[in-house]
Amino acid sequence: MGSPKKAKKKIEGGSNVFSMFEQTQIQEFKEAFTIMDQNRDGFIDKADLRDTFAALGRLNVKNEELEDMVKEAPGPINFTVFLTMFGEKLKGTDPEETILNAFKIFDPEGKGRIKADYIKEMLMTQADRFSQEEINQMFAAFPPDVSGNLDYKNLCYVITHGEEKD
């Protein structure tokens, strides 16, 4: 009669972070981890973070800022710790469908595009108002098309899946 007890014990200690995500998500996190682990030592440290920011075009990151990021982790940041930290931050984040539905409010005809000027006005005047700087950053990352429309379906995809880069 020993086996049921053994099984129960296994469940008690089993808050396995890998069970929180689907295999494809774990693979995406692994790719992100690998990109950030600039010196390829299996851990993300301050130097890796600084290099990652530099690669993203942000060159003057303060040392304290990097230290605060590293201090968020309970210890050295290996992949499991990285995944755990993201797991905690991502608990309850909106899946693509929810984000799409939020944009559809501004697109009653269901075209998949919204006038950039309109979305800018909405973001700057409603609820958690965006600053001009935040609007500029958004349009830099997701420029409106030639007719001045924002392709929010693409934006939602990138928010939930990350950018497709070769």
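Every residue, even glycine, has its Cβ placed from backbone N, Cα and C.
According to TrEMBL, the features are:
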type   : residues : note
DOMAIN : 24-59    : domain 'EF-hand'
DOMAIN : 94-129   : domain 'EF-hand'
Residues sitting near the domain 'EF-hand' (24-59): Cβ under 8 Å, six or more positions beyond its termini, same chain? 18, 66-67, 69-70, 76-79, 82-83, 86, 161-162
Beyond the flanks of the domain 'EF-hand' (94-129) by at least 6 residues, Cβ under 8 Å: 135, 138-139, 144-145, 148-153, 155-157, 159-161
